Each structure stands twice: as structure tokens, then as C-alpha cells.
Amino acid sequence: MAKKVLLLSLYSAVLSTWFGFGYVQCKLPTSRSEIPNFDYTVAQQPDQSDACEQNEVCMVSVECILDAKKKAILKPCSTVPSVDGVCCPSSEYNGTSSRVQQNSEEHAADHLVLQAIHEGRREYDEKLRFEDEHRAVMTAKEKPEAMFHRMFLPGGLKTHGKEVVDAEEQANVYGHVFASRKYAELTNMTLKQRQGDRFARIPRAIRKRCLPPVPCNPHSRYRTIDGSCNNPLPDRTSWGMEGYPFDRVLEPAYEDGVWAPRIHSVTGNLLPSARVISVALFPDEYRPDPRLNILFMQMGQFISHDFTLSRGFTTKHGQAIECCTPNCTAPLFGPHRHFACFPIEVPPNDPFYSRFGVRCLNLVRIRLAQGPECQLGYAKQADLVTHFLDASTVYGSTNDVAAELRAFQQGRLKDSFPNGIELLPFARNRTACVPWARVCYEGGDIRTNQLLGLTMVHTLFMREHNRLAVGLSKINPHWDDERLYQEARRILIAEYQNVVYNEFLPILLGHERVQQLGLADPFDTYTNYYDPNLRPMTLAEVGAAAHRYGHSLVEGFFRFLTRESPPEDVFIKDIFNDPSKTLEPNSFDVMMFSFNQQPMEQMDRFLTYGLTRFLFKERKPFGSDLASLNIQRGRDFAVRPYNDYREWAGLGRITDFNQLGEVGALLAQVYESPDDVDLWPGGVLEPPAEGAVVGSTFVALLSAGYTRYKRADRYYFTNGPEVNPGAFTLQQLGEIRRTTLAGIICANADHKEDFYQAQEALRQSSADNVPVPCTRYDTVNLGLWREEGF
């Protein structure tokens, strides 16, 4: 039976962290040839004066970007809140801008920079002229119907099937990249210098190209929608906001040190085709997990969409780019190939695509971002959502989207009642769904309709917001719509963060690892996790590889259970971007109960054909291949080989495939050297670490990512009022900490008296996790939010 689907994330038209691609579907060939004042207590910061030297910073090990060998000789220390750490040299601290400071001391004459910028812009303008001349061939012919582009255009940026493009911003970003190449050539920079971002700063005369600071109110009780002003320091107000670039654990492997993707083996030959690797390493086999359910997989996708979204490059007119011939019989070459094309070649003997004459899978390189440093440098991919765990999937990452989702009554979000139960609001623009879908919804994220399970998790948190807003309005009838909306949002984000760090991560990374890193939260006590020097930026290695672990967890079907009928299996290949089944009676309760009971797939090398053959197939006999897209996207991002991250994580390098046993034999079938193995397949093939879902390399990378999401977030829900101007009272905090995902589900079930929910919502029901009536679950006591004196 076919296997998995999910955690789609980065796309090539949208990065996300689970599905990653920038894909325009091929035509079917016609023949086989074709802050408040209240009492509080705070976890005290330990005295570090005797532990670390003046030029060192005490931090959790994953925050220090040194590799494991260098970390091993660092002096131990105790961080806030009393977590074992290391004394990391401040120049190696990921949260500082040490590279920029060093670069500014090594900058060349301004005239060389100006010359490079001039020539870079001229080169970009020439490419645009070339694009105009060959637009008929370079652009997709099925827009706006082509699902693979349509679904990636963020809400509010669509106009008649085309994306609104800020031409000047795009010219600055790509002119900057071409200028960096020119500068590297003019100054004879080595590849190591380029990959280390040792470029010159931009002269003051033209620094209008640099990102300006965002004006902020450092005492705002509520976090902004777009993630700005989380860090109120003058030069850091844009840190972590939507559109900010990804960061990295290791330097990128751009072959020219600037933007050329990683395509060569260490032997000098070309790396194997991503599709060849997919076929050899990721077959379909039904292997259900014995403990965890589909809801764990689906929450993983929902969480990943909160901090990862990218889209592929488009023409200056906002049109999707085509990198394959119309019938996908070959990649485009020569004058017809757009400079942002990075298609996947399919061999003629492919066991599936050869039936349709497909020799090319379309993929366009991810759009780049203006970097925060006012300097030339290598390309940095744009993340189009906030870099925080702030439920942007519910509220959006821009003020325009947030406003569109609000009812502006009683603090509520918009909803709909097409079958008598509360569902998401109908989308004004149905291009996020297949044309034949009977309904299409709108949420805070453009991928809301991708999978039924994802749509229902969006529905769950929309319902929870509205439940909180209505409850607060009854307790505080004098509050206006804005206050009710912001307070309900503040509580929901806290509930969500509590679920992520205290229910989801202990399963994903292992309880021991979560405790060791200080990722688990205490009850009824404030913390001071916040580190203003740590940049809240999603790691490219997490978005482009590690958080795509979830593709292995996806089952090829959803099994819906009701008392009145036998189980119904709905195959994911038939319902991508089609949430029509939500219109059936009692759909919310039926689906949420079923997700609790159905096992997810095991974390292993087996992927459902629903993802590797039929991804977004619409009504065609074939779709795309998510495994191939993941591998190619990692190369687009210039993520370094798997071996480099093994070494960074302290596992040691592999020098012979035989060191990995059976897995090594599989890898040797497609790779020439252990140093060629791509990060995503290497990480997926690792056996799970003790107590974790994923292997040790992904545990290390995900730990680094989730440490940032907590320690670089001033508004993290357990931070006290000396840090967080929107801190909860201790009584409120304790109430939130006792909230569970099971309780949230029960609070929003339509028929609570008939709904049974196990306490551990991410695990299958069992003798140790028996479902009990929802009437036994307590909800958040909103009486603690009553404003006295009114």
C-alpha cells in the first residue's frame, strides 16, 4: 500500500520545509515519445565571571558554530537557565556579526566595489533583456491553471495568475549577486574567501541598497505580525521578520563561492541525477510506526510552515519559469534556458517516468533576499514567513494578510459554516486549490489546502483563537475588538509554543536531548532564555534538509473512521489541494479522531509513491517526485555534503561506504565518494537516535534550529517581564503550561459528549494511552485574564 505525504516545506516555488520545489507541470505527451506590573520570580542567571574569559560567551553548545573537535576542548560553563554550555569564542558566535566586522577591516578600495556593482547590474539587465526576447519559451504555458506555480504565490500577491514583482528590489538583490561575482574576479578572491563571505562593504554613497532599520516600540505588549521589532536594538529590529534571509550552520558550497549550485563530485565528475538517487534509495513500502500517529506527522508539517516558506524565481512580469520542453521530454538549453533554471534530468530507463516519455522535472531556483549586512557576499535565500514560532500559519506574516483574516468583531478570525460546523473562511482567490475542488479555504499560510490533515490543523487553531476571543469578551465586555484579538492571539501563540516544546520536540528529538539543551519549560516559573545577540534566523540546513524528515512519515492515504460506516481510505495523490471532503457531515470530529488512531509511517528510507511519483499530479497520470526535489533543492541552496554535517555534529566523517553497512552499500550504488552524499538522503538514511524519531545528524541540526526559535525570541511565552513586555502572570503561565494538544482538540470538538481523546495526542491510542471523553478535559481558566476595576 502506498506510503506517505507531508511536511512539505520549502518549495521551489515554496520552501516550506516540507515540500520543496518550483514546479510547473508538464503537458501530457500525445505519444510515448513526448509588559504588566505584577509580582514574579525569575530563574536567575548564574555567575559566569569565573567561567569564561572576556573574549568568550557562555552558550548552549549548538549555538557555537565550531565543529565538534574544537568544541571538545572548550571550557564548560552554565548558561541561563542553568543548562550545561561551553565558553565559545565571541568571533565564532552565530549571533554576532563578526564576519562583517572582520570584512570591514579587510575591504578593498571603494572604486573596485563600485565597478563590480556597475558591472553586476549591467549583467542582470542584460539577462532581463534576454528574458524578454525568449519569454514565449521560458514561461509556463498552463498558468494560471498550473498547480505547481499557482499554489506558491502568496495571498495578496496575485493578479490574474501573475505575481506582483518589486522590480527594483529584485534588481538590487540579483545585481548584488552578480556584483559579488565580479568583485571576486577583480580581487582574485579564493573559493575559501568567497564561501567564508570575506567580501568588501558597500561604500556609504550607495548604502541605500542596504536594509534600513524598522522603527519600533520596545515596550509593545504584543509581537508584530511580520516578526519585526522582536529585538528592539536599533540595528536589529528587522532580525527574524518575514523576507529575511536564511542563516547557516556551515558555509555554503556554492561552486563559484557566490551562487553557482553544487553539481560536481569531489572526483570532478557531475553528481548523480537527483531522480536516479530517488529511485535507488527511496522505494515505497508500507511500514507503519508502532507508536506515533498521523497527527504527529501533520503537526510537524504545520510547525515547519510556521518558519519556512520560499518561492521560485519568476520573470520580471511575475510569470512562472519553464525549464523543460512542453512535454517534459528534455531540459531546455541554450538561448531558451532561463538563468534561474535548475531542472532535474530523468534517465531514459526510469522505471516510472519512461512510460510517459518524461526526461525532465521542472525546478526553478529559490528567490534570494537582500542581506542584513551592508556588503557584497554570497547569495542568501529569502524566507517569506517570520523566523519565529509565532503561529504565522494562523495569523499570516504580513499586516495585509492578517487584516484579511480578521472578522473585526469580538476579536475573532473569519470563519465559515458550509455544513453547519465552523470551518476556515472561503478563499477569495481559488487558485490555491485544484479547479474542481468544491471548496477552497484561506488561512495564514498559502499552503493551507495542501492536505486534508493540514487543513484540519489550521481549522483547529482558528477555532481555538475564536473560542479564546469569545471567552475573553464575556469576561471583559469593555475590551474592544483590537484588544480581544491581540490577547487571544497572545494566548494561542503561548499554547502553541507549549505544545511544540513540551509535547512535540521531546518525541522528535528525545526527552533527554530536550532536557539537556534546556528546551523543556518549567511549570509556574519565569525563565530568562532570551539572548539579544542570537540572530533569530531559520537555518538553511533545517529548511532545505533536516525539517524535511517528515516526508518519510507520510502515509499514502488517510483512513477515516466513523461508527456508522466501514473505514474509508482516501489516497493523498487524489486530494492534493482539494479539501472538498471537509464539507461532509461532522468532518472535523471524524478527521481529528481518525488522525489520532491511524499510525504514521516509520522514519526510514521508504517514501510513498504519492510523493515520489504523483506529487500534485492533478488529473494527469503522473506528478512530480518530492525526493528528487528535496535533493535538488539542497544543491540549489548549496547545502554542504552530509559528511560535513556529520563532522559538525560530532559523529566523525565517513571515509568508506562500508562504515555505514547496508546503508553504505545503498549509497555506493549512486555516489562516487562518501564526500558526495547530499545532506537530505544521508540524514534520512540514518537510524533514529536513541529516544528520537530522526537520526543523530538531524537531531543536531534541528536542536540548533529550535534553540534559536526559543532563545532568540524576546516574546517566548515563559520569559518574565524583565525581558518580555507581554509576559503572563505566574498564574496565567501555569494555566498555559497545563494546556495540552489533547485539551485543545477537545475544547474545539463539535460533539464533546461523544468525542474521545487520548491524553498523549501525538501517540496512537493504546492500553497506556486510552481515549477518554472530552468532558474530562479542563480548558484554560480565562478568569485569570479578568481585568479588575471594570
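Using the three backbone atoms N, Cα and C, a Cβ is placed for every residue, glycine included.
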Disulphide pairing with Cys216 per Swiss-Prot - partner from Cys229, Cys323: Cys229
Cys746: disulphide-bonded cysteine as recorded in Swiss-Prot, out of Cys440, Cys774: Cys774
Feature 3',4'-dihydroxyphenylalanine, as given in Swiss-Prot - residue among Tyr286, Tyr353, Tyr645: Tyr353
Among Cys440, Trp479, His551, Cys746, Trp785, which are recorded as recorded positions, the nearest neighbour of Trp680 (N-linked glycosylation site) by Cα: His551
Which listed residue (Tyr353, Trp680, Trp785) has most other Cβ within 10 Å, given these are recorded positions: Trp680
Distance, Cys433 (disulfide bond) to Trp479 (N-linked glycosylation site) (CA atoms, angstrom): 37
Entries of Cys229, His305, His551, Cys746 which, being recorded positions, have CA atoms within 10 angstroms of Arg447 (site 'Transition state stabilizer'): His305
Neighbour tally for Trp259 (N-linked glycosylation site), based on other Cβ positions within 10 Å of its Cβ: 21
Cα-nearest neighbour of Cys229 (disulfide bond) within the listed recorded positions, His305, Asn327, His551, Cys746: His305
Candidates Cys216, Cys433, Trp785, namely the recorded positions, that fall within 10 Å of Cys774 (disulfide bond) by Cα distance: none
